[in-house]
Amino acid sequence: MPSVSESDELIFFVNGKKVIEKNPDPEKNLLFYTRKVLNLTGTKYSCGTGGCGACTVMVSRYNPKTRKIHHYPATACLVPICWLHGAAITTVEGVGSIKKRVHPVQERLAKCHGTQCGFCSPGMVMSIYTLLRNHPEPTPDQITEALGGNLCRCTGYRPIVESGKTFSQKSTVCQMKGSGKCCMDPDEKCLESREKKMCTKLYNEDEFQPFDPSQEPIFPPELIRMAEDPNKRRLTFQGKRTTWIIPVTLNDLLELKASYPEAPLVMGNTTVGPGIKFNDEFYPVFISPLGVPELNLMDTTNNGVTIGAGYSLAQLKDTLDFLVSEQPKEKTKTFHALQKHLRTLAGPQIRNMATLGGHTASRPNFSDLNPILAAGNATINVVSREGKDRQLPLNGPFLEKLPEADLKPEEVILSIFIPYTAQWQFVSGLRLAQRQENAFAIVNAGMSVEFEEGTNTIKDLKMFFGSVAPTVVSASQTCKQLIGRQWDDQMLSDACQLVLQEIRIPPDAEGGMVEYRRTLIISLLFKFYLKVQRWLNEMDPQKFPDIPGKFVSALDDFPIETPQGIQMFQCVDPKQPQKDPVGHPIMHQSGIKHATGEAIFIDDMPPIDQELCLAVVTSTRAHAKITSLDVSEALACPGVVDVITAEDVPGENDHNGEILYAQSEVICVGQIICTVAADTYIHAKEAAKRVKIAYDDIEPTIITIEEALEHNSFLSPEKKIEQGNVDYAFKHVDQIVEGEIHVEGQEHFYMETQTILAIPQTEDKEMVLHLGTQFPTHVQEFVSAALNVPRSRIACHMKRAGGAFGGKVTKPALLGAVCAVAANKTGRPIRFILERSDDMLITAGRHPLLGKYKIGFMNNGEIRAADVEYYTNGGCTPDESELVIEFVVLKSENTYHIPNFRCRGRACKTNLPSNTAFRGFGFPQATVVVEAYIAAVASKCNLLPEEVREINMYKKTSKTAYKQTFNPEPLRRCWKECLEKSSFFARKKAAEEFNGNNYWKKRGLAVVPMKFSVAVPIAFYNQAAALVHIFLDGSVLLTHGGCELGQGLHTKMIQVASRELNVPKSYVHFSETSTTTVPNSAFTAGSMGADINGKAVQNACQILMDRLRPIIRKNPKGKWEEWIKMAFEESISLSATGYFKGYQTNMDWKKEEGDPYPYYVYGAACSEVEVDCLTGAHKLLRTDIFVDAAFSINPALDIGQVEGAFIQGMGFYTTEELKYSPKGVLYSRGPEDYKIPTITEIPEEFYVTLVHSRNPIAIYSSKGLGEAGMFLGSSVLFAIYDAVTTARKERGLSDIFPLNSPATPEVIRMACTDQFTEMIPRDDPSTFTPWSIHVS
């Protein structure tokens, strides 16, 4: 190889500061570097795969050709540090900070209430900030698109979008979609009338600081000089195991590729990076040709466009946008098809990192672009050192990786040529994914047809399908047989049969959904057929008939709209003192810190001297005996200090049925067997891979509820309530309907995974733990038991958690004990951060449920008798399963009075990781079954489900089935307001009209009511304590036993203290929750955090005010600070402990009666959806929510909880699907496999109203709203059910069918039975083992 001038110096800038690294390690990424080297912890680790956006940063590069600076978002977890040469990186700290200046983006995100737990907030800030650097006055659509790669589990996205829209040229935060009028304008019909004393503004735009784009930091001039330097040198960075080479010229690149033919070319690292992380791929050499000019050229000719392989997908989209606007429509059909897919392919961060060449070369089977490029006759321009430039057709053989059509190892893709389309050629791209954006396709297709000029005779036809085989496949034989045919219905019928014969998906194919994917192949083909038929009609209306009018809506995918809406809540009494903050929509106490990245989470804490990191080794078998455990290789690995097993537990390894370390037997895949402690997490993880475990399987292995029933395997005794004479009533009803509903589980997907820092103390066997938990006392209990020391020696500190939703009630106790045992054995601090995949595997989630019902009713819809059975899949240990099944049974009537009612429930023991608490605690599962049988009764009676709900709803003060008295008046009010103000009946009529005019798309509406019980039926869990200190300067330090999970609990407690002490809220500070300040605290769950802790804070403050009252009487006109000084001088204690005994709840299961709950939260939600019957996709058009909030202490926080819970519930009922193998292995272990809602799934119109009432039992007559909105998400499920029912009726099918949860596209499509579902081949279940199974 000729001598080349080289350098080993990496130069880049971070937040305006120059960074120089000599020989950086190519295996280190930017996220690690910013957090661990530069101590910039605002950028968060959440998934590690580029799928959540929490680690978003802004990358800025200078292009010497255009002489422009390009700003774009990137996920730091996928960016190798060596990739940064010549780049300027901006992290959230570089945008603004409390110490210096808070940027308007950060301020508005916080003040618009766009943060809750705050873990996703820095990523949200960076996405909006990057957009503003490119578009200082963005459109609402640009804001929505910019946030498409960021996940939030708390807020429901609406306030985040709203904060971004404040930067739009004409703010649209309170405008109807398209009308330009305020939602509250009397002429607008989104809400039919204005409420007296109702407010709609959660923040004051006048408080925002102005945004001046001219004041942003400049791009470092040194980087411009570097980019324009004509004498650039090759860069070579030699790491411990790998070498990273950055060539300067094309010849240099080709020389390197010839010398290292197996070295991957890394441009965006979106393919190579995940392969290294998850598939243990290793490459000794990486070549990164980012700066090679020839890879970044674009050239247009009369025949088409040539686009450089180095173009990012975002640049590709911009180029296509320009070409489509400049060229005649007939020439750009391929470009248009690519444009459409580029809008939803991944998220903006990945689109700005991934390149056209990398995407084309890697040829993933799920590729959205390659099928279209192939259909559009694209060719690949390939070069090599030998000078043998060649054009490789981007066709079936290339995509199927046939050797004769593949790239040679030494070749480099230079560019892609995309020809213009011919006049009589039509190209289309089609896809269907679990959600609209940032999700791999379940099936996609690129199709092209060319006709003999002026005819509908097929001259050429191409069809390529993705996600149906290990590679993208071509239906080439089908296409050959159709050449010369007319484009008509008979051709379509033959094409469907042929393509199903040619493309065979095995019944046990990876990814499952086999029958659905087979259906999608021909459903997408039919869509293409319709598109072409419509296009032919446009070409010559006289010669070619148009498609039927009822088919037109099938042509287009659902558009992505910017959400609009309004929030209504009761205004504060104008007589209330100005400094009293109770009732005001106050920003989250940590909102600004969330947005600036200065809110400290556990892994943001600085490293401690001699700190070790912990990695877990988990079982790969569901039920087996451990025959051997060999840790010798792990112990010999670099940096490893020790391996910890069950033998190292000084105390209890099995505490209350929960096992820290498996010892002789494993009872689920994912059970912890041992942990490895090392100096770095990478060393610990590498060593963990070298632990050798041998097993002998034990029978039976029980995975599903049905298998548990078969083996009589249960975790708890049966729970039962019954009223009336059920058996007698069944004999005296007009009709009986029976059925069963399967409700699958749900992953918490809190943005911050389980995180613990355990620090052994030098004296008295003390241990200090910092962790994110909902239940510090429980952690203390488990650690105490494991270490065999008194609880008083264990101190648990909890500042905040990055989301929890029930997943941090019990699990941190087990994991905390595992961590503490490791710290105890090594005598060194241990940092234990679960990776997302391990977190999802180990901690499990919501209980899957099987519900069976038998309902007796009269022909008018009145239900006289119900016999319901519930079974939950509890997993392998008790955890919270018994309590969950109790809640399921107690809450199983929802809002309905059924005089003869029997409900039974049991928690099943299976060989899955133990399921645990989750927001709603069984209510979201149980009530789906209730509403399902309501819908079944409605169908039998030929009534609307809403009519049956109204008929059977509680109407006056009554007793529940468990004999608790309650007044349903607030329920009736929410129900009535929801029906009226959502214009349900008018919109239902409009939907019917739409459905009559559209065969392949249907709209559905549903209104569901809710009676949600707050707190738990165990009295001692409802107690709380608080500690309040007043300092001599008048400032107040507040602490209590509640945990901040994002719900704003501390903010509300500050409001309470401010009112009770009659001081401004700025005087009150909350530091942390700790077992050393408030011991023996109950868990923060059950929607009761503000209730019980608020009472305790109130009590403490009242005690202090009683002490201060004599002082105040002496000096009534004095200031607070003067009173405090006087009190101190008179030796009056300025500290007080407050206590709340708790709600006195009880439940006697032997008598089947009690008063298990202090009060109920009532509500109703109306949702409207549109369903694509050909694909199973759906779009949520509008949601109206009415929740009985009584008197809201903080409407902004309460509305945030309602909206966030609703979107989380909507995800539970639609997109979120956990997939298990028949052997109990969880497949869904990250955002690429598990799809929580993104910004594109939220309602296009979203209206939330907090209905005022009274609740004298709670503090300030408030109610706990943390969980109530979760079940209301089922209004989307039942709206889908309504739409599918309409489709089935039109097709002559039964309108009673099991629409199980979640209603994924697969479930929806296969329920819409038609000629295409009937056409697909079926397999005998006894002849194969499916790839995945349902566990409910």
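Each Cβ is built from the backbone N, Cα and C atoms, and glycine gets one as well.
Given the structure is predicted, the values throughout are model-derived calculations rather than measurements.
A sphere of 10 angstroms centred on the C-beta of Cys55 ([2Fe-2S] cluster 1 binding site) encloses 29 other C-beta atoms. Swiss-Prot lists Cys47, Cys52, Cys55, Cys77 with the feature [2Fe-2S] cluster 1 binding site, giving similarity to another entry as the kind of evidence.
Annotated [2Fe-2S] cluster 2 binding site per Swiss-Prot: Cys117, Cys120, Cys152, Cys154, in sequence order. Long-range Cβ proximity for Cys154 ([2Fe-2S] cluster 2 binding site), meaning a same-chain Cβ under 8 A and a gap of 6 or more residues, is found for Gln116, Cys117, Cys120, Met751, Gly803, Gly1046, Gly1200, Gly1204.
Same-chain residues at least 6 positions away in sequence with a Cβ under 8 Å from that of His359 (FAD binding site) are, in sequence order, Thr271, Leu313, Ser367, Leu369, Asn370. Per Swiss-Prot, the feature FAD binding site maps to Leu265, Val266, Met267, Gly268, Asn269, Thr270, Thr271, Val272, Ala346, Thr355, His359, Asp368, Ile413; the stated evidence is similarity to another entry.
What Swiss-Prot records for 8-95 is domain '2Fe-2S ferredoxin-type', and it gives sequence analysis as the kind of evidence.
Annotated domain 'FAD-binding PCMH-type' per Swiss-Prot: 237-423, in sequence order, evidence recorded as sequence analysis.
Comparing the binding-site residues Cys152, Leu265 by how many other C-beta atoms lie within 10 angstroms of each C-beta, the top residue is Cys152. Across the domain 'FAD-binding PCMH-type' (237-423), the prediction's mean pLDDT works out to 94. In the three-state DSSP scheme, Cys117 ([2Fe-2S] cluster 2 binding site) falls into the coil class. When the neighbouring Cβ atoms lying within 10 Å are counted for each of the binding-site residues (Cys52, Cys77, Ile413), the highest count belongs to Cys52. With helix defined as DSSP H, G or I and strand as E or B, the domain '2Fe-2S ferredoxin-type' (8-95) counts 19 helix, 33 strand, 36 coil. Largest Cα-to-Cα span within the FAD-binding set Leu265, Val266, Met267, Gly268, Asn269, Thr270, Thr271, Val272, Ala346, Thr355, His359, Asp368, Ile413: 23 Å. Counting every protein chain shown, 23 other Cβ atoms lie within 10 Å of the Cβ of Ala346 (FAD binding site). Report note: the [2Fe-2S] cluster 2 site is defined by Cys117, Cys120, Cys152, Cys154, and the residues of the same chain whose CB lies within 8 Å of the CB centroid of those residues, excluding them, are Thr115, Gln116, Gly118, Phe119, Ser121, Arg153, Thr155, Met751, Gly802, Gly803, Gly1046, Gly1204. Note on proximity: among Cys152, Leu265, Ala346, the binding-site residues of the record, the Cα nearest Cys47 ([2Fe-2S] cluster 1 binding site) is that of Cys152. Closest by Cα distance to Ile413 (FAD binding site), from the binding-site residues Cys52, Cys55, Cys77, Cys152, is Cys77. Under the DSSP three-state reduction, Leu265 (FAD binding site) is assigned to strand.
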